[in-house]
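Structure record follows, encoded as structure tokens.
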Amino acid sequence: MASPKFKPIGSNSGGIPPEPDQKFDVFYKDLKETEKRDAVLTPKQQIDRLLRPGASYANLNPYEVLQVDPRTPFEDVKKKFRRMSILVHPDKNQDDTERAQKAFDEVTKAYRCLENEGTRQKCLDIVEEAEAVVAKRIDERKKQLKKEGKEVKIDEDDPEKLKRAVYVQTMKLFADMERKRRQQELRDQEERKRKRDQEIAEEEQKKAEKEWQKNFEESRVDRVNSWKDFQKGKSAKKFKGFKPPKHKAEARD
């Protein structure tokens, strides 16, 4: 089903931007029309989709979260985000606010990823890499079938199966990117911890050296004072002078 075309919000026949309330009314009308055309765009289905078992794996792909083609113009991505964010917003799902908040967070996270030009390009690069991997795999399989003299026909000749193959490969690449990101984050944490431990050890060593120096200076004063006292004690002894040995009288016969 082709994506419905929406009148750009913020424009009217007179070219004058509508008031905030009027702008929301236009947006809400478009949203309701979309819900009628596509049953999957209902709050409960979207929340269930975003929080289903294994969703954390699928939600690594922002295109999958927002349900847009990777080459969808960003303005259309923005419109899809706005519609979907309203659908799953906790305020609109009072009977399931906790799950709605989680779904809303997933939608917002995906949009922020595609909103940034750098990360959006990285995501597109992953999709293009997946397409290249699948194309190479198909080419090799066909060559092998031809070499074996078999009918050169594979499942991916069906456009839907080809699309599925690219989707699966794309998800694998996103998962691999996330795995590498977590590994790098763990390495960064370990490096920060190592540096902090080193800083603490250096601080402790400096502290010990400072304490030793302080104790040395204090004991130095004591040593100097002790030496002075010792010197004073020596000089205080009286000098009695030199006494020659007594002369013995000679004995006469």
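Each residue, glycine too, has its Cβ placed from N, Cα and C.
Keep in mind it's a predicted model, so treat the numbers as computed, not measured.
According to TrEMBL, the protein carries these features:
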{"type": "COILED", "residues": "97-155", "note": "coiled coil"}
{"type": "COMPBIAS", "residues": "234-246", "note": "compositional bias 'Basic residues'"}
{"type": "DOMAIN", "residues": "61-128", "note": "domain 'J'"}
{"type": "REGION", "residues": "1-23", "note": "region 'Disordered'"}
{"type": "REGION", "residues": "178-214", "note": "region 'Disordered'"}
{"type": "REGION", "residues": "227-253", "note": "region 'Disordered'"}
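In the predicted model, residues of the domain 'J' (61-128) average a pLDDT of 95. Note: the region 'Disordered' (178-214) comprises 37 helix, 0 strand, 0 coil (DSSP; helix = H, G, I, strand = E, B).
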